[in-house]
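Pulled from TrEMBL:
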TRANSMEM  A:6-22  transmembrane segment
TRANSMEM  A:34-52  transmembrane segment
TRANSMEM  A:77-96  transmembrane segment
TRANSMEM  A:108-126  transmembrane segment
DOMAIN    A:127-417  domain 'NADH:quinone oxidoreductase/Mrp antiporter transmembrane'
TRANSMEM  A:132-151  transmembrane segment
TRANSMEM  A:163-183  transmembrane segment
TRANSMEM  A:203-226  transmembrane segment
TRANSMEM  A:233-254  transmembrane segment
TRANSMEM  A:274-296  transmembrane segment
TRANSMEM  A:308-330  transmembrane segment
TRANSMEM  A:368-386  transmembrane segment
TRANSMEM  A:406-427  transmembrane segment
Amino acid sequence: MSNLVFLPIFIPLFVGALLVFFNKKHQLTMKISYLTVFLNLGVSIYLSYYVFNNNPLILETGGWKAPYGIILVADKLSVIMILSVNVIALSAVIFAYSSVTSKMVQHYFYPLFFLLIAGVSGAFLTGDLFNLFVFFEVLLMASYGLIIIGGSKQQFRESVKYILLNLFSSILFVTTVAFLYSVTGTVNMAQLGERVAEVEQQGILTGIAILLFVVFATKGALFPLYFWLPKSYIVPSPVVSALFGALLTKVGVYSMLRVYTLIFSHKLELTHTFFIWVATITMLIGVIGALSTSNVKLIIAYNIMPSIGFMLLGIGTFSAESLAGTIYYLVHDMAIKAALFFLAGLLVWHAGTSNLNKMGGYIKTSPLLGWMFFIAALVLAGIPPFSGFIGKYLLLRGAFDEEHYMAAGIGLLSSLLILFSVIRIFIGAFWGEIKGEPKEKVRRSGLAASGLLIAISILLGVGAEWFYPYIQSAADSLIDPQIYIDFVLKE
Amino acid sequence: MEIVMSILAGTLFAAGVYLLLQKQLLKIVLGTALLSHGAHLFILTMGKLNRGAPPILEKGITEYTDPLPQALILTSIVISFGVTSFLLVLAYRTYQSNKTDMMDQLRGTDDE
């Protein structure tokens with residue numbers, strides 16, 4: 001049974017390696033990809049079903065018992081993330097149907113895509129801090145490949161910075177793991193949690209916690225370390241941008257969620273107050289960035305930051321409710337960011353330019369795209385009854401309850417500004433007279449992919465009563481790390 | 001011995017950061033390579049340097065070298081090999097398509 005945990009990593013990894021050999025056969029690759037994504041989705045649904053109805057699953061690779069060997073843990077939080085990742089992967093493959101050219105396939109789009117999925121799933125499943133680094137590298141290597149497929153001038157220019165920044169933070173990560181190993185003598189997360197609790201988290205451990213925060217903040221694009229993100233996320237093809245926007249920064253947030261609830265949850269007043277400040281500034285800077293530009297893709301890319309800020313606010317507040325809010329927002333944001341990147345890509349293809357000032361009146365030529373964009377904008381800003389509202393409501397109520405009035409107030413303000421920044425695209429691109437004839441028809445499979453994701457986020461909002469108990473129980477298991485520790489170490 | 005290793009790792013870090021702050025792309029790539037070497041030496045030092053004992057853990061044996069840092073370094077070295085070779089190719093292609101290898105000329109200013 002516990003071998004099931006391995007499948008969400010193994011299936012994409014194997015198929016990714018296999019597809020390297022079929023890079024000239026476009027149709028075949030596409031069919032295999034469809035099959036794989038559905039298979040993987042099925043596996044992850046079964047895995048979530050099993051974990052929510054029974055115990056978490058643990059795979060001890062090679063039969064080495066928990067604190068010694070490499071372990072993979074599928075607890076409630078992990079399976080929620082795995083399920084979301086596979087839904088995003090499905091929509092990306094649907095979107096890729098018409099948008100990925102034979103040239104991109106020839107340059108190994110699908111293998112890199114599946115390696116990215118394998119890396120992200122691995123990062124969500126691992127129970128070992130060093131393995132987290134390894135899976136980070138797997139997904140980053142795949143993303144390095146994906147970001148320069150196409151090989152245009154801007155892509156090379158922007159991807160160099162993306163790669164250098166991520167490389168630097170990876171080196172910092174491995175150094176910090178070494179620090180932590182020298183202090184505690186282990187890299188197993190459950191055992192780390194136990195040992196840190198024993199020594200009551202001295203100063204050096206808080207120092208390591210902040211170093212790890214710098215690493216994850218770079219991956220997740222938080223306030224002082226966000227500058228590499230917006231420009232490098234808009235240069236690749238829309239399907240790649242959507243994958244990055246939906247998955248990569250969320251891995252950083254997930255790692256924070258895991259590390260700061262499980263390991264460094266003892267000196268809250270220092271680290272977690274710091275988190276709330278960083279979260280607040282990140283929200284503000286993100287919306288200011290989104291308002292500062294008239295490049296459609298750049299507006300969407302800047303909108304990643306405020307949502308990361310919201311999630312960090314939940315981690316900083318650190319109550320069962322706010323953690324549930326963070327998880328809810330994480331799932332919601334994966335779906336809606338991917339949908340918005342898809343829609344922005346479709347819009348840019350339709351208009352032939354990404355400059356908002358040169359667009360106008362496309363509601364007449366592509367009504368479906370326009371209305372989808374409108375709904376996606378409302379979902380993103382958190383208008384009830386959509387999913388953004390539920391997550392934000394939980395987060396902000398948690399923040400008010402713990403008396404972080406300033407942060408909550410700025411959160412509310414930035415939601416309003418987020419709405420303004422995306423509605424600006426809707427008004428500019430879809431209202432008024434047609435400026436510049438549409439370059440090409442909107443691709444149907446693109447609309448289908450975004451429609452799927454928007455439907456999911458509406459369902460997450462309208463059917464919040466069905467989903468909330470699951471998310472709440474995942475958050476409850478986070479707030480009490482002893483459950484995880486006892487389960488992994490079997491004591 | 002740990003002191004010497006720490007100083008060595010620190011020197012590598014310093015040199016790596018200095019090179020990272022250069023403008024030429026090739027120097028930056030070399031900087032990342034030095035940084036990762038520093039990190040590897042650092043992991044080795046953090047596992048306590050123990051000479052003349054095999055990394056075997058069995059019941060009854062008290063003198064052994066900690067195998068974990070070595071496993072970690074091995075993984076990390078392989079990753080850094082891959083990344084460095086990728087970066088070198090990327091730097092070359094960037095130079096080819098942008099006709100420059102100076103970072104200040106690679107700034108993304110033209111707002112498309």
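Backbone N, Cα and C define each Cβ position, glycine as well.
Not measured: the values here are computed from a predicted model.
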Are the transmembrane segment (A:77-96) and the transmembrane segment (A:203-226) close, by which I mean at least 3 Cβ pairs under 8 Å that are 6+ residues apart in sequence?
no
Looking only at the recorded stretches A:34-52, A:108-126, A:132-151, A:203-226, A:368-386, which one has the largest tally of CB-CB distances under 8 Å to the transmembrane segment (A:308-330)?
A:203-226
Of the stretches A:203-226, A:274-296, A:368-386, which racks up the most C-beta pairs under 8 Å with the transmembrane segment (A:163-183)?
A:203-226
